[in-house]
Amino acid sequence: MKKNSSVVVDLLLLLLAITVLATPAFSDLVLSKVERRIDVTSQIARVTKTLKVVNSGSESVSEFTLTFPKFLSNNLAYLSVSHSEGKGKAKRSLANLSVKEAHPKGMPDLISFYSVSLPKPLSKGDTLTLEVVAAFTNVLQPFPEKITQRDIHLVMLQESAQYLSPYVVESQSLSIKLPNARIESYTKLENSKVQGSEIKYGPYKNLAQYSYAPIVVHFESKAAFAVAERLVREIEVSHWGNVQVTEHYNLVHRGAQLKGEFSRLEYQDRPNPQGVSAFRHLLARLPPRAHSIYYRDDIGNISTSQMQSDSKKTELLIEPRFPLFGGWKTFFTIGYGLPLSDFLFASEGKRFLDISFGSPMIDLVTEKLIVQVVLPEGSKDISVTTPFAVKQSHEIKYSHLDIAGRPVVVLEKNNVVPDHNQKIQVYYKFSNINLLSEPLMLITGFFVLFIPCIIYTRADFSISKSSAAYLAKLQWDEVHWNLVSSTNTCNLLIV
Amino acid sequence: MAAVESLPPGTPSAMRNAFGTVLSALILVLIGVLAFSIRLFSVIKYESVIHEFDPYFNYRVTQFLSKNGIYEFWNWFDDRTWYPLGRVIGGTVYPGLTLTAGTIWWVLNAINIPLSVETVCVFTAPVFSAFASWATYLLTKEVKGSGAGLAAAALLAMVPSYISRSVAGSYDNEAVAIFALIFTFYLYIKTLNTGSLFYATLNAIAYFYMVCSWGGYTFIINLIPMHVLLCIVTGRYSPRLYIAYAPLVVLGTLLAALVPVVGFNAVLTSEHFASFLVFIIIHVVALVYYIKGILTPKMFKVAVTLVVSIGLVVCLIVVAVLVALVASSPTGGWSGRSLSLLDPTYASKYIPIIASVSEHQPPTWPSYFMDINVLAFLVPAGIIACFSPLSDASSFVVLYIVMSVYFSGVMVRLMLVLAPAACIMSGIALSQAFDVFTGSIKYQLSSKSKDDAEDNTSTNNAQKDESSSGKTDKGEEVSKERSSKKGKKKEREPAEKPSVKSKIVKKKALVLPLEASIVALLLLIMLGAFYVIHCVWAAAEAYSAPSIVLTSQSHDGLHVFDDFRESYAWLSHNTDVDDKVASWWDYGYQTTAMANRTVIVDNNTWNNTHIATVGTAMSSPEKAAWEIFNSLDVKYVLVVFGGVIGYPSDDINKFLWMVRIGGGEFPHIKEADYLRDGQYRIDSEATPTMLNCLMYKLCYYRFVETDGKGYDRVRRTEIGKKHFKLTHFEEVFTSHHWMVRIYKLKPQKNRIRGRVKKLKQKTSSGVSSKSVKKNPWM
């Protein structure tokens with residue numbers, strides 16, 4: 001147990017040494033104030049930074065560099081930088097800035113660089129406030145890695161108390177928001193204190209470039225470490241008025257693994273149930289007016305789900321077949337229909353589907369997300385716009401009575417967090433005439449089926465007109481007529 | 001006749017005829033819809049899911065078929081069951097059902113209707129019950145006309161006995177087999193009535209489909225020869241009978257031998273011998289009739305005496321050889337299930353594994369009422385109707401009902417064969433009764449309105465008689481004709497005469513008083529209504545439960561017990577793909593299909609020793625059980641326990657069967673050790689062997705901690721041994737209501753010293769236990 005953490009600390013020291021040695025001047029920017037807030041109440045570490053950037057040099061600067069230690073940036077799922085102009089109360093609306101990964105020369109591998117292009121060059125003496133939101137997955141390491149059912153779930157976060165930056169930082173502070181006040185241990189530095197469920201570091205003044213002070217926080221987490229190893233979302237557009245969404249989840253609990261027995265007795269024990277590390281349910285926030293919701297897996301319907309809906313949202317509380325302990329896996333499918341009019345719009349002769357990209361589950365990390373948008377048969381000129389980079393490909397799907405097949409846009413992205421739940425737009429052209437093709441096909445099909453039947457019953461197909469069977473048939477027909485007519489006559493007589 | 005010829009098509013009578021055809025077509029469609037939709041209660045009340053045990057196996061086979069194709073299917077060696085033996089699925093399974101569903105699935109997908117295999121499997125049974133009711137219509141129509149046909153079809157569409165085997169999700173062989181059975185019978189009767197080789201060939205093909213579908217085909221291949229024999233004995237031999245029978249035996253046997261699971265059994269086992277015997281007899285009879293035709297009566301008599309004396313000798317020799325052959329095979333050439341048909345006590349005496357299945361037990365009287373309801377009262381009336389007049393076809397259905405009543409009395413499962421017969425009989429009875437009553441009413445009304453002309457009434461009466469019971473007269477005519485003219489004439493011909501004849505006969509008996517007719521009609525309708533109510537109730541309440549999901553109605557709404565699937569899902573996602581799971585054989589099919597894990601034994605009880613091994617392990621103390629399971633490479637043990645919620649068909653209640661079957665192979669397991677004074681109990685009076693066996697321990701592990709006393713709600717008693725620990729097993733999963741508990745075998749302790757000691761023990765004990773038959777896996 002100790003060995004593990006000491007390796008980590010060694011690594012951090014190494015990192016520190018390297019970074020302190022290599023200090024080339026990036027530019028003359030100075031961060032006059034840095035506020036960092038790390039939210040670890042869920043399994044995702046969400047880092048929000050407010051950076052006040054001042055240009056102290058003489059030249060105007062149009063690029064700003066963000067740095068993360070490599071072990072964090074490997075798990076970086078989401079990064080967005082926005083800026084706010086003006087000061088104090090007169091803050092204006094935030095606008096997202098473009099961020100791209102940079103590889104400046106002569107820099108150690110243990111730091112990742114991201115270059116942010118500023119909205120307009122920052123001239124001498126100007127200030128700019130940047131808001132950075134970053135979400136990391138897998139940075140909360142369960143520790144110990146294996147626990148029994150009775151143990152509480154402890155996780156560990158590694159960070160730096162000081163902001164790692166290629167710029168000089170004049171003043172900075174860090175606050176870590178924990179899920180509850182139960183803290184196993186944390187690295188005590190100067191100016192560090194615990195306030196309830198928050199740990200605060202700083203403020204630290206006038207730190208040099210690449211300052212780094214590793215900290216480790218070890219705390220209890222009751223959050224659901226639900227990770228979808230693979231999630232396939234199929235969004236099928238039907239111009240008869242429905243958008244059908246089907247989501248296949250391969251879910252795993254990525255927290256500390258369960259060791260030893262699983263005892264239902266202890267799990268169900270009231271008043272003090274054991275097994276808090278397991279999660280029982282997940283909450284899905286579906287769009288409003290979602291209907292025909294189902295929840296099942298390979299072997300049938302799963303009856304443990306509840307739904308609440310109002311005009312703003314539909315909330316689906318789903319419970320897997322069994323409680324998920326650390327390391328346990330499950331698979332399920334949820335599906336729902338959405339009214340077409342809420343998601344399909346027209347612009348400039350094209351239609352576009354405006355629908356959210358990620359999973360509707362709250363606090364779910366998706367390792368591999370595949371979104372398949374199935375457009376109606378006969379759609380043309382398909383294009384997709386997404387707010388972030390995804391891998392795109394096209395497929396054909398054959399569904400109900402298709403002939404040409406339906407075009408499918410396949411979008412793939414790894415490491416998806418709820419912050420990615422933004423709208424994507426799929427543009428395509430579709431003519432309403434195509435809607436009628438399938439009903440017409442059915443009508444033709446039945447027509448073609450019945451015509452031979454009619455011909456068969458009317459026509460005489462016997463080969464030999466003198467065979468015994470044929471004569472017998474004729475006789476039978478005669479007898480039949482006889483019978484019918486006699487019935488008739490007698491009925492006439494009666495009436 | 002003249003009147004008929006003068007009637008051009010398009011006259012009111014032609015219109016009536018067309019209208020009648022359309023109406024009966026419409027009624028048939030509605031009957032099909034009824035048959036389909038009454039079976040959907042399970043989907044509506046529960047969900048679209050495969051039911052029970054065997055259907056899961058069929059579902060899994062269908063999945064394999066749809067994924068890998070037909071050739072892979074024939075060669076499929078399933079290594080996920082009967083570990084380590086495996087099972088050749090392609091050669092041991094009746095492929096009809098899976099091929100049918102697989103074909104339906106394939107066709108639907110080929111025209112881009114993407115239904116899942118599961119959906120197709122779930123709805124196969126309802127679709128085929130619609131087919132079965134149409135086949136019943138055809139069969140009964142051949143026997144007694146379309147009125148009876150419609151009535152029989154309507155009755156069959158909702159007969160509870162058939163519903164119990166064909167609700168949506170009940171994806172079992174019987175689902176398609178009953179259709180195949182009725183359809184084969186229909187084609188046989190059709191051939192018998194027409195003498196057409198075309199229908200005879202179709203009949204052989206239908207028989208082939210039946211052989212593919214269900215082991216119950218032996219019923220056909222015994223019933224039809226019986227009927228042929230009956231016809232011959234009663235002097236009803238005709239070339240039509242020959243055409244109906246001979247091609248069926250030849251083609252049918254050849255085709256049946258193509259089905260891998262039957263193969264040479266089609267000519268080797270005694271279930272098929274009756275058909276061959278009758279095949280010989282019918283040829284002899286045909287020859288005799290032929291010779292009789294070409295010889296003078298005197299010469300014929302001489303020939304008969306000659307042939308009979310020689311023939312008797314030959315027959316005796318043949319019979320002796322046959323008896324010797326049959327007797328030399330271990331079970332006398334009869335399989336256990338068939339033997340228990342003839343001797344109902346056979347199975348319970350000799351084969352515990354057959355006796356342990358509840359559907360192999362004889363039915364109780366209430367189950368007749370439950371399964372065929374009012375049909376039981378209508379059947380005798382139908383039989384009487386079949387005797388007036390007796391034709392080839394009606395004698396067949398009479399024989400059918402008699403035989404099926406006998407077989408249903410032997411085995412609950414065969415109620416299913418009785419149901420169509422009962423429906424046909426009741427359909428005939430109802431139809432005839434309605435004919436008589438409505439005819440009487442019509443007659444009485446008309447006679448009241450026209451009281452002037454006496455003569456008119458009499459002709460009227462006669463003609464009406466003819467129309468209402470026209471079929472009867474005609475049939476009677478047929479039988480008379482046949483006896484006189486050796487049945488050479490076509491059956492339908494004589495109907496031209498009845499108007500003349502019936503005028504002479506004047507069946508006054510068929511005219512009943514108006515009031516009596518009306519009351520009788522109302523009573524009949526009430527009877528029918530009761531039947532419908534009962535059927536709907538049976539379909540909705542009694543037979544729709546999928547048995548993998550249980551529900552209970554409590555004061556705070558519906559409570560669902562989905563424990564089986566919970567644990568199967570757990571096994572499927574949280575154990576290694578090649579792990580072996582041991583459980584009692586009931587859960588084998590479900591485990592392989594739902595959890596996709598290898599099992600030791602399953603519901604296909606082909607290897608008694610293997611099942612006995614698992615039974616022995618379950619009845620052994622922990623250590624011995626661990627050794628048996630470990631030798632079988634088992635990693636998880638699954639037990640079903642109902643003591644917490646009161647689920648009665650759990651492993652503790654089945655446990656005595658495990659002991660019996662285990663003890664049958666391994667004599668160190670003795671049933672008496674588990675019984676206290678002949679009573680099976682698990683409370684403090686239970687024997688120490690019982691309280692220490694693995695099954696008891698796995699079921700009741702930490703059970704006492706739930707309520708402090710350990711009160712078992714199924715056995716309604718406190719358990720005997722309350723606090724104990726497991727040393728060789730550990731609990732890895734227990735479902736929400738404790739219905740399924742899964743244990744993992746603990747790995748062997750890694751102690752050198754202990755091992756040496758154990759080895760020493762083994763060598764010493766190995767010598768001593770040589771004399772006792774021990775478990776081969778140990």
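Quick reminder: no glycine exception, Cβ is built from N, Cα and C everywhere.
Quick look at what TrEMBL lists:
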{"type": "COMPBIAS", "residues": "B:463-499", "note": "compositional bias 'Basic and acidic residues'"}
{"type": "DOMAIN", "residues": "B:22-425", "note": "domain 'Oligosaccharyl transferase STT3 N-terminal'"}
{"type": "DOMAIN", "residues": "B:578-637", "note": "domain 'STT3/PglB/AglB core'"}
{"type": "REGION", "residues": "B:450-499", "note": "region 'Disordered'"}
{"type": "REGION", "residues": "B:755-778", "note": "region 'Disordered'"}
{"type": "TRANSMEM", "residues": "B:18-38", "note": "transmembrane segment"}
{"type": "TRANSMEM", "residues": "B:88-108", "note": "transmembrane segment"}
{"type": "TRANSMEM", "residues": "B:120-139", "note": "transmembrane segment"}
{"type": "TRANSMEM", "residues": "B:145-163", "note": "transmembrane segment"}
{"type": "TRANSMEM", "residues": "B:175-200", "note": "transmembrane segment"}
{"type": "TRANSMEM", "residues": "B:206-230", "note": "transmembrane segment"}
{"type": "TRANSMEM", "residues": "B:242-267", "note": "transmembrane segment"}
{"type": "TRANSMEM", "residues": "B:273-291", "note": "transmembrane segment"}
{"type": "TRANSMEM", "residues": "B:303-327", "note": "transmembrane segment"}
{"type": "TRANSMEM", "residues": "B:368-387", "note": "transmembrane segment"}
{"type": "TRANSMEM", "residues": "B:394-412", "note": "transmembrane segment"}
{"type": "TRANSMEM", "residues": "B:509-533", "note": "transmembrane segment"}
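Within the chain carrying the transmembrane segment (B:175-200), a Cβ under 8 angstroms from the stretch's Cβ atoms is held by residues 96-97, 100, 124-125, 128-129, 131-132, 135-136, 138-139, 142-143, 162, 165-166, 206-207, 209-210, 213-214, 216-217, 219-220, 224, 238-241, 243-244, 247-248, 392-393, 396, 400, 416-417, 419-420, 491, all 6 or more beyond its ends. Per-class residue totals from DSSP over the domain 'STT3/PglB/AglB core' (B:578-637), listed helix then strand then coil: 33 helix, 10 strand, 17 coil. Looking at the domain 'STT3/PglB/AglB core' (B:578-637) alone, the prediction's average pLDDT is 89.
Sequence-distant residue pairs (6 or more apart) of the transmembrane segment (B:394-412) and the transmembrane segment (B:242-267) include fewer than 3 whose Cβ atoms are under 8 Å, leaving the two stretches without contact.
By the Cβ criterion (under 8 Å, sequence separation of 6 or more), the transmembrane segment (B:120-139) is not in contact with the transmembrane segment (B:273-291), since fewer than 3 such pairs are found. In this chain, the transmembrane segment (B:145-163) touches the transmembrane segment (B:18-38); three or more CB pairs sit within less than 8 A of each other, excluding pairs fewer than 6 residues apart. Proximity of the transmembrane segment (B:206-230) to the transmembrane segment (B:368-387) is not established, fewer than 3 Cβ-Cβ distances being under 8 Å for residue pairs spaced 6 or more apart.
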